[in-house]
Every structure is written in C-alpha cells, then in structure tokens.
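Residues or ranges marked as compositional bias 'Polar residues' by Swiss-Prot: 1-12, 127-148, 786-796. Per Swiss-Prot, region 'Disordered' is recorded for 1-81, 113-212, 760-796. For 18-60, the entry in Swiss-Prot reads compositional bias 'Pro residues'. Residues or ranges marked as compositional bias 'Basic and acidic residues' in Swiss-Prot: 113-126, 761-771. The annotation motif 'Q motif' is assigned in Swiss-Prot to 364-392. According to Swiss-Prot, the domain 'Helicase ATP-binding' annotation covers 395-595. If you look up Swiss-Prot, you'll see A408, V409, T410, G411, S412, G413, K414, T415 marked as ATP binding site. Positions annotated as motif 'DEAD box' by Swiss-Prot: 523-526. As annotated by Swiss-Prot, domain 'Helicase C-terminal' applies to 606-769, with the evidence given as sequence analysis.
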Amino acid sequence: MDGIISNGSPGASVTRPLPEPLEKPPTPPPPPPEDSAAPPPPPDTSVPPPPPEDAPPAPPPEKKKKVGWGAKRPAATPLSVEELVRKKREADAAAAKPKFLSKAERERIALEKRAKEVEAGRRFKSEPSTNGTDRSGTQSPSVYSETPNGDERSIPTGPRAMRNSEVPTGPAAMRNKNYDMSPPPPPKPMSFSLTDGKGDSKRQAEEDEAAAQAALIKQKYMGTEKTSSFSAKKKRKRTTDRKFNFEWNAEEDTSGDYNPLYQQRHEANFYGRGRLAGFGDDVADTLAQKYARALEDRDREAGSIRAREILEMERRRREESTRNQLDKHWSEKKLEHMRERDWRIFKEDFNISTKGGSVPNPMRSWEESGLPKRLLELVDQVGYKEPTPIQRAAIPIALQSRDLIGVAVTGSGKTASFLLPLLVYISELPRIDEFEWRKNDGPYAIVLAPTRELAQQIEIEARKFTQPLGFNVVSIVGGHSFEEQAYSLRNGAEIIIATPGRLVDCIERRLLVLSQCCYVIMDEADRMIDLGFEEPVNKILDALPVTNEKPDTEEAENSAAMRSHRYRQTMMYTATMPSAVERIARKYLRRPAIVTIGSAGEAVDTVEQRVEMIAGEDKRKKRLADILSSGEFRPPIIVFVNIKRNCDAIAREIKQMGFSSVTLHGSKTQEQREAALASVRNGSTDVLVATDLAGRGIDVPDVSLVVNFNMANSIESYTHRIGRTGRAGKSGVAITFLGNEDADVMYDLKQMLMKSPISRVPEELRKHEAAQSKPNRGFAKKSDDSSGFGNKSGWQ
C-alpha cells in the first residue's frame, strides 16, 4: 500500500505519512498511441571490416615535431605593396559594382533581417535581471514558484523583513503612500549588423561630407534657397486688443440734427474772386458764372461788360491750366502745348532715339511735317496714312538741311523718309531743263543703292512723286548698255539712282559729271561695304564739287545758317554700323544727326520667327513640302538658299509639289531678274527661290512667308532676309531650318529670338552648346557664292 512503512511483523504495523518532496516530480510523458507502428530497423548498408590479411599496411609513425623556442620557424615573407593595392582595388571595384537582386530575394532578405531583430529583442526581454525580474519588470518564473498549498516561497534574496512583502519600489518614506510608480519603460530594440560601429561611423562621416559638398555646389550655382514662410495668401487674424470699441454705433449720432454748424454750411470764396480753394475747374466755372450774373443784376450796363471780361479771363485760365496738365495724352494736345515730357513719351512710344546737337522734335502727323501743300496732297494720293517712326524722326531733321545717319530696321519706310526732303530741296532750285548748260552739268541729287533691284525699286517709288512735280528720274544700273543709259540722260535728270560700280564706269567714260550735285543719299550703306563698294563710293564722293561743302564747325548744326546758303547735304541709311561705314561717315558727313529706330540689327516686331532644327537636305525638302501644302500661307512666298547651285534644284522640287516657282541669283541676266520679280509681284508665280541677292531692298508686296532653307552666314543677312515679310505694318512669318553647320550664328539668333515679343526660342537651340556663348569670328570666312554676284563683286 502506498504511504505505509512496515516494521517486519505482520501484526504490528505502524502507518506514517511519507515526507513531502521538496519539489514536485516531473509529469511523465504520455504513452504513445496504440495504433502507432514501431519504426523500421536501419538498412544494412555498413561494409564489414576486411580480414587481417587483406588490410593495408599501417602508415609509418610521424615524427614528433619539436615545439618551443628551438623549433624551426617558417621563413617570413614580406608584404607586397602591389598585392595589397591590387586587393584593395578589387575590393573597391566589387563594392562599387551594383549587384542585382530580384524582388523575391529583396523580400527574403528583409524578412530575415526583421526576424533577427525580433528574435534579438525577444531574447533581450527574456533575460532575467539581478532582482529576479525580467527586462519588462515582471518576476521570473524560475525565482518564484508556487507550492502545493498555494503560497509562494522564494529563495531568500534580501533581509528577512522583506521576504514576504513586495519588492520596494521607492524610498522608505514613500512606501506606505499611494504613489503609482510604474516600472521603467523597456529599452528600444537594438539592431544587430555584421559590421562594427567604426565602419558605420566612418561611412556615415563620408556620406555627410559628400552631402555637405553637394549642398555647397548647389548653393553656388543655384543660389540660396528662400526659406521664408511668409505667404500673402495666408489669412491673418487682426488683433482687436488695441482697437477702441464704442458702446454705440455711428448711426446713433444725432448731433447733426440740432447743431447749426452742420445745418447751415458757409461757402467761403478765397484765393481770387470766384475761386474756392481745393475745388476742381467745374466748380470754379460755376462760381464764376454765378458771380457774373450777380454783376449783371446789379448794373445792367457796366456790369454786363465786366461779366464778359470775367468769363473771358476764366476761359483763358482754363486753357492755360490744360496746357500744363499731365492727365492728357500727347495725341490729345496741340503742338504748342507739347512739353519735354510729352516728347519723351512720344519717342518711347515709337522707339526713337536721337543723337547730335540741336535735333528738332519728330513730327506727330503729316500735317505737322512742314512739307509743302503739293507734296502733302501727293502723300495722301500715294496712300501714306500715318508716318512710320523713321519718317517721323528723319523728315524734320532733313528739312533743316542737316546731315543725317539713319539706323533703322529693314522694311521701315526709309525710301520716303529721304525722297520727300530731297524733293523739297530740289524744288527750290532752278529747273534743270531751263538752260542747256544745266543739262550737261549733271544731276542735282544722286541716290546710291547696293543692288540693281533696290535701285529700280527706289526709281519706281520716286516716280510716284516726281512725275506730278515735273522732275526727271533716271536709274543707272548694270545689265543695260551704256548707249541706252546715255540716251536716258540726253534731256538731263534732277535725280539719278545708281549702283556704285556702274556710276563709276559712267563717270570714267565721260557720260556723266557731278558738277552741280548738292544732295547725296546712300541707302543700305552697310550692304554696299559688304559687297566691296567702299572704293567706288569714295571715288564718287571725291568727284563731288567742294564749293558747296559744309564747314566742320558748330554752324553745321545751325539750321538757319545752313538754309541761308545751299550747302551740300549728305544722308546715309543703314541697318548696322560696321567700322567701314563709320569711316565713310566721319570723312564725308559734317556734324550729322543720328536717328536710331529700335536697336541696330533687330528685326521688326511684326515678323514671327520660327526656328526648326532639321539636318539633311531630304528632311528639309520634306518639311518644305509640308509647309507649302498646309494652306496656312498664301503666295507670294520667298525661299532663301546660300548657294546659287541650290536655287534651281529647290525650284524643281517646288514645281513637283504643284507650285509655280522662279529663281533669282547672280548668274541671271538683268532681263531674267526683272522678269522673275515682275512675275512674283503680279501674282503669276507662287514661290521665289533666291540667294542673298534678294535679301535686301526687294519689296514684293504682301509676302506672307519667308523660308530660310539654309541659314544665313551672318545675323545681319538673316535680319534682312526675314525683313521681306511683315512690311508696311503688316504681319508675317519667317521659318528657318537650322543645323549643326550654323553654329557660328546660333548665339546671335537666340538673342534675337529672345528680344522678339512674338517669337519663341526652341529648346534645341536654347540648350545647344554653340548658343551658350558668343563665338570668335576673327577667323570666320564667308562663302564667295553667298552674295549672289560670283566674282563680279556686284559692280555691274
């Protein structure tokens, strides 16, 4: 029987309880289930040992190596620097080379890392501390165990007085008070990595240094970031602590009902009879009329006279005040009321700038120009409604017999600005056909133009004014025989329009003299210098008489002194001012007034410039076909190329597209040139394909589109090319095909597009390397075929 101890005799048996064990025995494991089968025996795969006679001989015993200070040490090999450097380079290359990890591998690595961190944190929390609690503050089950009676007994870990009580959690004075002292918070989870802290700190320092260096570079090039938190849109509450609030509203004020100062207002008149200080003119007029009526009522005879005088004085005062007022625009004022401020605003409106002494103010309309009545009637008949900026500024200066340099954009109406003062000048001279000797002394005025087409165009424009006035105009250009031109000069001519080369030939052949020439005009002077006409121009100007040359003193700026004597007057018009043009101006012009419209070399604001980066002839031809067939632009259309050989090829391509086309270049005869321009002007031809020969001065009306199939060699030529459209205040479009071969002009082209208010710079041009800085043109060489004259230098 359990729990009973016998002493050996059957009758005497003493029953005693067994002593309680110190600990409960462990619970035995449950028996295996009955249906579980026994595991099978292991397979007999072991090989039996070989018999003694078949066993291999035993190896000889190894000699016991000597250990200690007397043992032979292996020879030490020195470290190879090259090997260390090679290993370091391989390690750096392997570390720098990116390693591709698939998405599944990245997820697996992340899960393993997270599991390790969780396991490390769990182990850290489960480790018991010295006071018998784990890291979270709870008691460890290995320290406190429950006895069979249900009480808790623990191994003594402190004084006897504290064994059966709670563990103290504070000072003795605070133990019996109800203070809730929570256990300390658990430590933050620690992350374990394979690398030590020194490597991490070093890598972190390198990353911080690289980030600081990148921030400095960004601040240098991008500027400091604006860290202001101010926002104008942010609503702010107004504080009312300093605002005094009354206990009543303003509508409750009844002081005006019984106060006589508010009921009977006194009308005070001071600062002159009838004037109330601080009031406007309308109130002053009312008071003046009231005072005049009072005078008439008092005295019918003398009072009415005095009243009329007062009203007249008020009217003159009002006119005098309106003369100096600032609220009216210059277009609403009379000429005598214009002040210096009004003229400054007027010049800014038309982008006019003048230099020189005693320069007169520009004209606001044709009626204020000072031209004779007969010329004003012709101007109205021709159809000039409003003067252009160059006409507003140049005509008043030229009418004062001043020398003039006009710097204006192409297509700005320069022809009329020098023709009208010229006609006024020669209309005061004797008729050239009055005596025979006057016919033989040459013309009164000469007009020099760089190309034949421009000279003929000036002749057509001049005949609109000279035929009604009875003056004779003759053009002398190449392409015509000398006999034909001599026949045109048989009756004399007041005005001769010529190219410099042919005019020099006529002077050397004694077909023409300049004995009485007193008016010289050079149109497109910079173009004449580009074509090599500097020497012919100097010969022509040296052939002029010196008896009527102006003095190079301050009298040349005095209009009264210049008009008292018929001095020679010289005018020069140009789009740019190269050094050769300045040299001619200093030599032959006397104290000239300089008029600049806009900026030198700029295109007019009426031309929309489009630039397309297209490389290759085939792609450009395809793009040209798309533009012409789009129907956006109506003929006439001008296509510019750089080389004469390309003109005919492009013209053939355009004809295959279904459009009529003609060519214009230096190899054409004069008759072919005139026929080509006439066909474009009368509308029988849609497209004109030309070189820079047609880039200047060719006035084809209503050109809607200019296509630069090849970009011009200089920005000046480009300016005059696109100036063929958008003339006389009309709008136009210029499309340019650009390639890498045009790197020399990309910077200037980008600057011109940025200045134009209606044009846009394409991103390809904006980011191109050649468009970032101005190139060095010291060694730039222009093509010989670009001028359109071949080896003739444009003289004929």
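The backbone N, Cα and C atoms fix where each Cβ goes, and this holds for glycine too.
Cβ-based neighbour count (10 Å, all protein chains) for K414 (ATP binding site) stands at 26.
Cβ neighbour count for S412 (ATP binding site) (all protein chains, 10 Å cutoff from its Cβ): 22. Taken together, the residues of the domain 'Helicase ATP-binding' (395-595) have an average pLDDT of 86. Note: the compositional bias 'Basic and acidic residues' (761-771) comprises 7 helix, 0 strand, 4 coil (DSSP; helix = H, G, I, strand = E, B). In terms of DSSP secondary structure, the motif 'DEAD box' (523-526) contains 2 helix, 0 strand, 2 coil. Mapped onto three states, the DSSP output places S412 (ATP binding site) in coil.
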